[in-house]
Ligand code: OAD
C-alpha cells in the first residue's frame, strides 16, 4: 500500500487501478524539444492564435497557416520520445487494466514511444484532411495550397488535420465514456487554459470514483480541482509515479 501527499491530504492506494485515463499536454513533449504554447518563448508568444490557429486565419492567409504547420511537422523529424512518454508506455504494458491516453498534443511522440489507445483530441500534425472529399491522409512532408488531394485530385482543398480555436475537438463522445469509468485520472504537462480538456478533472470529480493527480512544472490553472499534485519535470515525476502505481499489490 502506498500513500501520497499534497498538503495535509493523504491518499492511500489500497487497490490496483483498472481504468486509467492520462491527459497529456505540451509539457510532456517539452523535454523532447517540442515548444509549449504558453511558457516564455512558447508558440503563442511568437505567433498570434488568430493568425495561425483559427478557421478565419486559414481563410485569410492559407499560405502562412500551411507554413506554420509545415515547420512544426518538419520539426517532428528532429525529436524523439522522452522518459515521460516511455513511462506511460510502460504503464500500458504492465498494468492489469486499461490505460487511455487523451492528448492535446499534435505530435506523434506517444505513438513512437510504443503507446496505444491514444486519443488525439486536437488533431495530428502528421495528417492532413481534404475539405472536398473529407479523406484524412497520413502526411510526413510539407503541404501547400497547390498540393492535390491524393483521393479526389482537387487542389486548394487540403488543410492541416488540426483542431483550431472555434472548432469542436475530436472524439468527445469516446472521451466522455472514458472519463465516466476511470478510477485514476492523471493530467500531465498542461496549463489548464483550454476547454474542454481543462474541465475533464471536474467531470471526473463529479462522477466521484477516481483519484486525480496533476503532474506539471508548476501549478496549473485547475490545480485546486485535483486531489493530489506533484510539481517538477514530467520526465522525472512520471517514471516515479508509474513505479508507485505498478508496485501496488492487493492483499
Ligand atoms: P501550454 O503551453 O498551455 O502548457 C504547458 C504546461 O506544461 C505549462 O503549465 C508548463 O508549466 C508545463 N511544462 C513545461 N515543461 C514541462 C515539463 N518538462 N514537465 C512538466 N510540465 C511542463 O500547453 P497545453 O496546456 O498543452 O491547442 O495547451 C493546450 C492547448 O492550447 C494546446 O493543445 C493548443 C494550445 O492552444 C490548440 O492548438 C487547439
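Just so you know, glycine gets a Cβ as well, placed from its N, Cα and C.
Computed from a predicted structure; not experimentally measured.
As annotated by TrEMBL, domain 'Deacetylase sirtuin-type' applies to 1-249.
Sequence-distant neighbours of residue 33 (NAD(+) binding site) (same chain, 6+ residues apart, CB-CB distance under 8 A): 78, 79. What TrEMBL records for 25-44, 104-107, 189-191, 216-218, 234 is NAD(+) binding site.
In the three-state DSSP scheme, residue 122 (active site, proton acceptor) is classed as coil. Of all Cβ atoms in the shown protein chains, 18 besides its own fall within 10 Å of the Cβ of residue 122 (active site, proton acceptor). Annotation source TrEMBL lists active site, proton acceptor at 122.
With a cut-off of 8 Å between CB atoms and residues at least 6 apart in sequence, the same chain places 149, 151, 152, 154, 157 near residue 133 (Zn(2+) binding site), listed in sequence order. The Zn(2+) binding site feature in TrEMBL is assigned to 130, 133, 149, 152.
Cα-Cα distance from residue 25 (NAD(+) binding site) to residue 130 (Zn(2+) binding site): 26 Å (rounded to the nearest whole number). Taking each of the binding-site residues 149, 152, 217 in turn and counting other Cβ atoms within 10 Å of its Cβ gives the largest count for 149. Taken in sequence order, the binding-site residues 25, 29, 41, 104, 133, 149 that lie near ligand 1, meaning a CB under 6 Å from one of its atoms, are 25, 104. When Cβ atoms from all protein chains are considered, those within 10 Å of residue 130 (Zn(2+) binding site) total 20, not counting its own.
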